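Asks: Can you read through this structure? Questions will come right after.
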Ligand SMILES: Nc1ncnc2c1ncn2[C@@H]1O[C@H](COP(=O)(O)OP(=O)(O)O)[C@@H](O)[C@H]1O
Ligand SMILES: [Mg+2]
């Protein structure tokens, strides 16, 4: 019992990653067989999970609401499109450059923004996304309103990645790596500081913790991950337009992080699965209303999901499930709770 | 010169709507501490309902009344059902809840009304006045007059009535107000309803000038936010001045953008908002001492 | 002042104005009060003393309804008000002058006072104002001054006056002497003695034992969230535990 107790954290860790990887491996199997999913949904799901992952530390731990993830997602996507189409750089190099640009943008914004209270960040991030959305529609280099087509596909060791299934494995691998990185960040002292900040900003301040640099780093991490996802999206779809910068993308990512669980690294993937499914099923079963409403009817489901989760399951699906399991395990092994 | 005056006049009218939205946002923020991202949806609800009912042949005052009542009812639902009772220290959660609510409101409007804009007639017929070459349509006069009346009414409400006093006390120190027997929960409900009505009125007066559709809420809400932030969220009067200033700057800047850049006019308000946030997050007007109403 | 029978009712002989039983309360997961029992009777001036961090503010805030009790009950005028929101308790006549005064800084003195009378019809305000101005003549001179620009002592008088405007049946005061100049402490203490002499039922929380014992007839000593002792002021004055709690402070 004592041994189990001591290794409990490790067991939980191995188990949860096992379930996570197993779940990812199930996706190609499910999404190629179960109607109405398509493998493209599977790819999109993983990309959105990568883009939303950075919101776990940022929203869940730093208590910040960003509605500007699309700005960074779009930055990554456009960087890859411009660099591969106009400058013929390698898509991998473009991905790195795009991530760096997004990170820098976030850093500069963060320098100014984190002096003030939380809601200003939400506003500012929305504004950045909307401004970029207008700008890319005007510039030649971004292809104007038509966008850019013919983005160079990714290659691995010189070999093409044929088909959505293979691309899925690549993206899932990146998601896994990103998850581990974010997990380590969340486990660090860094995140404990953040938790203290979000639970009681006054208390943290009185302990001499300056929350601004910590929040800024988290913001940069979120931006870099979103840019990587956007860049992968550009390579995969071969086409980028202003819709990658749309407020709806930011909303989608925030909802993904919240529904999944803002304090769990697996939350992004689970939330992404839920949101992609919502979209797919809404498109499938609500065609009439949807066309009348400009194909936007699924946003009601988004909004309701956001409200219901925040009110009923504030820690999201993963957070709620983990708490439930812990309670279950607690009653089974009769381990006294802290 | 004439065109500049024309831009100012036009900008002043849209600015009036921004001012009403911004005022609602600032009041809610002060009295309840909630940063509401749903405020633009009340403009949409007001304007769209008004235009729709008018198209269906309802008399304008009646259509306006129904639109305001509907917006207020949605405001009650938002405050009572969507937002949690205990809000202290939950800023991020309440922000996201108002975002969720605004998505749902927009989505429902899309399903019920569709994506097409609807048209409202100007409140009165009549040709535009020409004052020194500047065209002033009767609707412009209506917008300015109604906004002015609403603002005066708000000022009277806040400074001359019991409820207004209670709202201000809650804004200044919610606990101290509570100890004087003022219910913060009731004040919260009242301020959400008042803000909903302000938004709806903003939407109604604007409807004959810019045909509303189900999607206008987000942009108008953000511009209202810009108005409130420019004025400093702590001052209702600041939100009003900020809204009018934003409307004018936006219109003048758009008017003078060279042809190649006319596509950027949509971004002006947001660029201004971003600039204020980056340079002076406490509001541009906070340097001037505006009386805290 | 003489001890007359009505001001020193033995607990249990009549329904107390306030009866707190087994009160447990705290912040997040930190328990600050571990089961406190307090009674205040009609016309009585009671004090609650204790060192910094003993839980005095927590107790008053829980009684006033600004905090929810974790366990235990608060009875006011024979009714269990534990689940009432603070504003309902205020309307029922339970007034708290909070720690740090908390006047509405941007409003004038008279506006502050009128807000204090919020639970009552406007017609009663003039009467209430007259009473407060009589008690604190200084406030009358400053009627149109912004409350935030006044001295600490004047703000404290305003805070007490604001509470009196609600015609309380029980007046709770949280360290009214805190941070005041010695002269102002005297003024406030004298006003409280005056109030107590007019049969205002009051419970005074103090770190300043001199003030506390000057105003009250009976008191409780609170230490780290628990009541250590209770008794008449004369008894408390002699109690070594009281001296311990006021390390270094003269207790007279
Ligand atoms: N806002 C708060 N959050 C957490 N703990 C608090 C808070 N306020 C007071 N405490 C703790 O509760 C205990 C009692 O505090 P308080 O009631 O303010 O004491 P007193 O008024 O007697 O000085 C102290 O240990 C204090 O640290
Ligand atoms: Mg205290």
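Using the three backbone atoms N, Cα and C, a Cβ is placed for every residue, glycine included.
According to TrEMBL, the transmembrane segment annotation covers B:7-38, B:58-83, B:95-120, B:140-158, B:189-209, B:215-233, B:240-257, B:269-288.
Give me the local environment of each listed feature.
Replies: Distant neighbours of the transmembrane segment (B:189-209): 13-14, 16-21, 23-25, 27-28, 31-32, 36, 39-51, 64, 67-68, 70-72, 74-76, 78-80, 120-123, 139-140, 142-143, 146-147, 150, 154, 157, 163, 167, 220, 224; these residues of the same chain sit at least 6 beyond its ends, with a Cβ under 8 Å from one of its Cβ atoms.
Long-range contacts of the transmembrane segment (B:215-233) within the same chain: residues 15, 17-26, 29-30, 37-45, 47-48, 102, 105-106, 110, 115, 199, 202-203, 239-243, 245-246, 250, 269-270, 272-273, 276-277, 281-286, 290, each at least 6 residues beyond the stretch ends and with a Cβ under 8 Å from a Cβ of the stretch.
With a threshold of 8 Å between CB atoms, the same-chain residues lying at least 6 positions outside the transmembrane segment (B:240-257) that come near it are 3-4, 6-8, 10-23, 151, 223-224, 226-232, 264-265, 268-269, 272, 283-285, 290.
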Asks: Hey, which of B:7-38, B:58-83, B:140-158 has the most Cβ-Cβ pairs under 8 Å against the transmembrane segment (B:95-120)?
Replies: B:7-38
Asks: Mind checking which residues of the chain, 6+ beyond the ends of the transmembrane segment (B:140-158), have their Cβ under 8 Å from one of its Cβ atoms?
Replies: 9-10, 12-13, 16-17, 19-20, 23, 122-124, 164, 167-168, 194, 198, 201-202, 205-206, 209, 236, 240, 293
